[in-house]
Ligand code: SF4
Ligand code: FES
């Protein structure tokens, strides 16, 4: 038997189609066309294979998963396979009736995204007029039906001042958890680094505020926090380790260790159209490329923190240091750390006047 543990969580990117136009979208620059999306039957097979492989949690994401007409059928198929299902949505495209159908089909949990904490800012950041009002209506239905709710607030230079309000909203909506994620720069978001990158002061304030709120809201609200990469000293444990606990499936069926993995040019990813999920997880050389720590170079190889952060993010190491096996440049020990700091300062200096470049699904 292989020593590689099975994955626990799978992110199914059902589609890249999305009514919003968020400038921080982490999906790739090239989006998949609707014609290339996996069919209901394909996904049903993949869910069964995932459960058989050991996956416990399924996150249904996008784009906006509600743009898939067969969303209810997909939830039912996942539940029949024995998976715990979480819908990651902006709320746009969900009606009360649709939510009730999803409930009947067995949907376990909803994660609702917030682009801003008032209509003016949320609609401007999401590039969708009326989106905030619609989302508040959907949040009400989610509460009435009784879905467990997590809020996801992506925060950046232009909306970080609303973090206290995000925490209040989570309590008002009866959410059990909020993910406070300072924007991460992958995919489309790279185009908006100047406009979105928080200042160092904002990043520090957010850290302090989250630490305080975790104390004061203990037992009432769980707060997950993703700090600002470019202002950090040590990197995040990206994906909890490459090919370690989770996998992503792109709308066309490509199986990836993380959402940005396709940016690493020498890796070849396999698709569920041709192979079983089991074969891909255990045998695809791309999944094995950064498993464990044999691939590490110095300074990670001999670092006392390597079991903590696993060297950070491979995709960010490629994007900034030019080598996916290098230490994540967020790390103070990385030779590229000074470059990352300088980039943060340069983007911050530009940020005041930078325009948002919206992401539209064409
Ligand atoms: Fe993590 Fe590598 Fe930095 Fe050590 S040197 S803290 S393992 S990124
Ligand atoms: Fe690919 Fe972090 S996003 S390893």
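The backbone N, Cα and C atoms fix where each Cβ goes, and this holds for glycine too.
TrEMBL does not curate its annotations; it predicts them automatically.
TrEMBL has this to say about the protein:
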BINDING   18, 22, 25  [4Fe-4S] cluster binding site
DOMAIN    4-220  domain 'Radical SAM core'
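In the predicted model, the domain 'Radical SAM core' (4-220) shows an average pLDDT of 97. Summarising the environment of residue 25 ([4Fe-4S] cluster binding site), the number of other Cβ atoms within 10 Å of its Cβ, over all protein chains shown, is 24.
In sequence order, 20, 21, 24, 27, 63, 126, 188, 359 are the residues of the same chain, not among 18, 22, 25, whose CB sits within 8 A of the CB centroid for the [4Fe-4S] cluster site.
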